[in-house]
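Here is what Swiss-Prot records for this protein:
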type	residues	note
SITE	Lys33	site 'Transition state stabilizer'
BINDING	Gly68, Gly69, Arg90, Asn194	substrate binding site
SITE	Lys254	site 'Transition state stabilizer'
Amino acid sequence: MPQDQHLGVDKAKILIEALPYIQRFSGKTLVVKYGGNAMTDPELESSFARDIVLLKTVGLNPIVVHGGGPQVDSFLKQLGRESDRIDGMRVTDEATMEVVEMVLGGSVNKSIVNLINKHGGRAIGLTGQDGNLLRARKLLMEKQEEDGSIKHIDLGMVGEVTGVKTDVLEMFTQSDFIPVIAPLGVDEKGNTYNINADLVAGKVAEALGAEKLILLTNISGVLDENKNLLTGLTTQEVDRLIETGVIYGGMIPKVGCALDAVKGGVVSAHIVDGRVPHATLLEIFTDHGVGTLISNRTQTTH
């Protein structure tokens, strides 16, 4: 068989492998948190946008929630300013909040929208302020002191999601738009808050009863004590890995977000290596995926 026919057969096999997943997930909603290297590497940016457009084209309803911490840091540096962080959370005063709103709700959001549209999609940019999409309240971080007492730390204009206006999102997805959400929420008094994008994605997925929550990261997924990738975990197994210290440090918030989403009704959550081109498609439409799947039941395929 000529080489070009071999390549054609290989491509056909890939499509056949994807077919049952396309059929199973047609009409389903998935929420993708977009951040990390996938937002800063031009090749990965392009592959992500094409993945999202393909998902919409084959009948799924993707919703994108994006981060943008490095872009905010870069803009603050240009202004000769820095913002402190406590356990990875940005301390956000009013002046910093103005920059966060401008960068996340402006340049970063519009860049993602334009990229998806460039590849044939119909993306529409939103923040949590639009239509009161994301209701929020001030977040007080809890930190345990050496004596065991709990200290509450004020991070400024940092918030947590208290509600999601699902009708706003459903209006757009039912009209074949792809919502792209900046992680900014608003309280009843009109105060705007900077919210962790992972947490926003998880709450949006919960509120919509999404089929999948996909968190694109700069790691391969959840690793065991020997640093081997765990491709499938139940919520009970995740709880045990946290209790035994296998999951620790900076992974706990991300895994906790996925865990909360599944316990809140999302069918499965995926922690995926966003450094891999087309990671979103590979995780959804192939048998083994490229990350860790977390669900309420044991699964060997994605």
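Using the three backbone atoms N, Cα and C, a Cβ is placed for every residue, glycine included.
Its Cβ taken as reference, Lys33 (site 'Transition state stabilizer') is surrounded by 32 other Cβ atoms within 10 Å in the chains shown. Ranking the binding-site residues Gly68, Gly69 by how many Cβ atoms sit within 10 Å of each one's Cβ puts Gly68 at the top. Note: the CA-CA distance between Gly69 (substrate binding site) and Lys254 (site 'Transition state stabilizer') rounds to 15 Å. In this structure, the C-alpha atom of Arg90 (substrate binding site) lies 18 angstrom from that of Lys33 (site 'Transition state stabilizer'). In this view, Asn194 (substrate binding site) is surrounded by 29 other Cβ atoms within 10 Å of its Cβ, with every protein chain counted. Considering only the recorded positions Lys33, Gly68, Asn194, the residue whose Cα is spatially closest to the Cα of Lys254 (site 'Transition state stabilizer') is Lys33. Other Cβ atoms within 10 Å of the Cβ of Arg90 (substrate binding site), summed over all protein chains shown, number 21. In the three-state DSSP classification, Gly68 (substrate binding site) falls within coil. The residues near the substrate site, meaning same-chain residues not in Gly68, Gly69, Arg90, Asn194 whose C-beta sits within 8 angstroms of the mean position of the site's C-beta atoms, are Gly67, Val72, Thr92, Val100, Leu104, Pro183, Ala197, in sequence order.
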